[in-house]
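TrEMBL annotations:
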- 6-33: transmembrane segment (TRANSMEM)
- 54-75: transmembrane segment (TRANSMEM)
- 129-150: transmembrane segment (TRANSMEM)
- 213-233: transmembrane segment (TRANSMEM)
- 255-273: transmembrane segment (TRANSMEM)
- 285-304: transmembrane segment (TRANSMEM)
- 310-332: transmembrane segment (TRANSMEM)
- 344-366: transmembrane segment (TRANSMEM)
- 372-395: transmembrane segment (TRANSMEM)
- 403-425: region 'Disordered' (REGION)
Amino acid sequence: FLLSLAISLVFAIIPLCHNVVVLAVVMAVAGLAMGCIDTISNMQLVKIYQKDSAIFLQALHFFVGFGALLSPLIADPFLSDTNCILSNSTANASSNLPHIRKSLVPHHPGNLSHYDLPMKGMVVTRVSYAFWIMALINLPVPIAVFFLLYKERMVPCFSSSSHPLLSADELAMEARPVEKDDVPTAVQRPQAAGGHNDFLSCCQSKNFRGASYTYFAVHITGALVLFMTDGIVGEYSGFVYSYAVEEPLSVVHKVAGYLPSLFWGFITLGRLISIPVSYRMKPATMVFINVVGVLLTFLLLLIFSYSVVFLFVGTASLGLFLSSTFPSMLAYTEDILQYQGCATTVLVTGAGIGEMVLQLLVGSIIHDQGSYSFLVCGMIFGGLAFTFYSFLLFFHRMYPKPSSELDDASPDKPAVTDNTGQYQR
């Protein structure tokens with residue numbers, strides 16, 4: 001609730017920041033809040049739905065992609081094609097803007113000292129409205145979360161006469177026939193609640209005692225796969241425009257601007273398609289198709305590197321293959337580890353680090369080696385993702401199976417919690 005409310009407040013404050021240091025601090029708060037929400041939402045879906053979490057994770061990440069596609073469309077009407085500061089030299093400055101944009105788009109900026117842009121005068125930009133609209137769009141989220149807290153009787157200042165939602169929410173349990181006499185009453189409530197106060201219980205050292213090396217290997221290899229695939233999402237969406245406008249393609253700037261939107265559009269479409277597909281297909285199979293598809297797409301992009309048409313086709317294909325990698329990998333890894341909760345945090349962290357680090361790495365390489373290295377880097381990252389996934393499959397085979405009394409082979413065996421609030425099977 002606090003983090004989602006903070007996002008609305010941050011977006012409302014951004015247009016009021018007139019100092020770059022203040023703006024940096026505000027943006028850091030926004031990033032921290034979004035990172036925490038990302039981790040918590042994935043973790044709670046896995047804890048609540050367990051075996052059925054793949055479908056809900058696909059739905060969650062569909063809305064992530066939908067938001068990434070929608071937000072630029074909201075901002076676009078408020079972006080100015082002329083200078084945002086009125087002064088005596090505004091006419092000259094406005095005529096210079098296209099030349100300045102053309103010089104700045106590649107990662108080899110030219111000499112811009114001969115262009116004149118006014119730095120003082122009346123500010124006429126309307127971009128502030130875009131931030132305020134986004135703040136209002138996000139506002140229903142903390143309101144909805146507060147309503148859930150109220151219904152769950154978790155707000156100290158308010159008392160609710162209604163029954164808590166989770167006591168009647170059978171979705172929190174597996175949709176299988178369960179003999180109530182087999183499950184103690186004291187166990188049923190923690191199962192539905194999912195452990196509100198045990199976010200860090202998986203990090204306690206006592207849970208690592210006696211763990212085999214494959215337990216840690218599954219965490220590491222799963223995180224490395226997402227490090228690469230989410231890194232590809234970041235570097236491709238960030239640099240495909242710059243790659244397209246440079247030699248040998250030399251795509252018109254306006255046409256090249258559609259490439260990031262096409263990429264995110266097909267990521268969103270792929271996640272929508274993955275919701276029903278994940279009901280029929282195992283997460284491991286989906287991840288295999290994803291990493292192989294990414295590798296083959298980059299290979300074809302390299303072969304047809306002089307084709308503008310195939311750049312658009314490859315961008316759409318890459319978006320489809322990358323779309324469901326994160327939620328499928330999350331469901332697969334948690335399934336291997338019997339839903340103990342740690343894998344979600346490790347995988348989300350690995351994905352976030354990859355998205356940050358690989359963009360910096362690729363940007364530096366493009367600056368030194370030229371635009372063609374953009375596709376070469378993608379090919380290398382795709383190959384590494386496939387390699388790490390192969391290791392994950394190997395460690396999955398080596399990972400010890402659950403004991404007989406908790407084995408999944410017994411379909412009527414209910415999920416219960418131990419004294420730490422963690423799910424056991």
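Quick reminder: no glycine exception, Cβ is built from N, Cα and C everywhere.
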- Query: If we call contact 3 or more Cβ pairs under 8 Å (sequence gap 6 or more), are the transmembrane segment (129-150) and the transmembrane segment (213-233) touching?
  - Reply: no
- Item | Beyond the flanks of the transmembrane segment (344-366) by 6 or more, those residues with Cβ under 8 Å of it | 35, 38-39, 42-43, 46, 107, 202, 219, 222-224, 226-235, 238-239, 242-243, 326, 329-330, 333-334, 373-374, 377, 381
- Between the transmembrane segment (372-395) and the stretches 6-33, 54-75, 213-233, 285-304, the largest tally of CB pairs under 8 Å belongs to 213-233
- Task: May I ask for the residues of the chain that lie six or more residues beyond the transmembrane segment (213-233) and have a Cβ under 8 Å from a Cβ within it?
- Result: 267, 287, 290-291, 294, 318, 322, 325-326, 329, 332-333, 336-337, 342-343, 346-347, 349-355, 357-359, 378, 381-382, 384-385, 388-389, 391-392, 395-396, 398-400
